[in-house]
Amino acid sequence: MSYSLSFFSYNPSHKFTLPNSNLSKFSVSGERTKMLTHIDENNRPKMVDVSDKGATTRIAVASGIIKMSREAFDAIKNNTGKKGPVLQTAVIGAIMGAKKTSELIPMCHPLLISSINCDIEELTEICAYKLTVSVKIDGKTGVEMEALTGVSVGLLTIYDMIKAIDKTMQITDITLESKSGGKSGDYVRSK
């Protein structure tokens, strides 16, 4: 992927290249809109200040799919993989991933998560597993990134544990299914 230089500007005081200041006020359609929350008026990255926000119950649900060969699918289903119980380990990976989100995604706040629930569904007809992660918090910021990170790490855990059988596995359709709470209101992905 290449970028046009017009998208970036060099800031000598920071010694690195930042997105062009015009990008902090744009939308996908090209219209000027409110500033992006993670870029300040001087075009510097920042973490959003949530100190004035009220704590509310927030829940986010994300899901993703890992597709594989019949041999790999059956090895997981029959618990015959050499690295142990794949799906149980994937759930642990998803929980750990959600908890570590602020260490992986630069502008995410460290959060005191209330609960994380994981569900893995067999998609036998397409030799795949669907992982769904639900994250809950009573806090000042949402947990969408935690749910999405949990799904990503959980699916990567499956890949890691069964790659000796199938290196062609595909991780697909990682998406936010729903979110509730907070200023932006509720969201449910349309099917």
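We count from 1, first residue shown onward.
Cβ coordinates come from backbone N, Cα and C, glycine included.
Database features, via TrEMBL:
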- ASP160: active site (ACT_SITE)
- MET107, CYS108, HIS109, MET145, GLU146: substrate binding site (BINDING)
- 47-182: domain 'Molybdopterin cofactor biosynthesis C (MoaC)' (DOMAIN)
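Residue density at CYS108 (substrate binding site): 19 other Cβ atoms are found within 10 A of its Cβ, drawing on all protein chains shown. The Cβ neighbour count for MET145 (substrate binding site), using a 10 Å radius over every protein chain in view, is 22. The substrate site is defined by MET107, CYS108, HIS109, MET145, GLU146, and by the 8 Å test on Cβ atoms against their centroid, the other residues of the chain that qualify are THR101, SER102, ILE105, LEU111, THR141. Per the record's binding annotation for substrate, residues MET107, CYS108, HIS109, MET145, GLU146 show a top Cα-Cα distance of 12 Å. Put plainly, the recorded positions GLU146, ASP160 were compared by Cβ crowding within 10 Å, and the winner is GLU146. The residue listed as 'active site' and MET107 (substrate binding site) are 27 Å apart (CA-CA, integer value). For MET145 (substrate binding site) paired with ASP160 (active site), the C-alpha to C-alpha distance reads 22 Å. Helix, strand and coil content of the domain 'Molybdopterin cofactor biosynthesis C (MoaC)' (47-182), in residues and according to DSSP, is 48 helix, 44 strand, 44 coil.
For HIS109 (substrate binding site) paired with ASP160 (active site), the C-alpha to C-alpha distance reads 28 Å.
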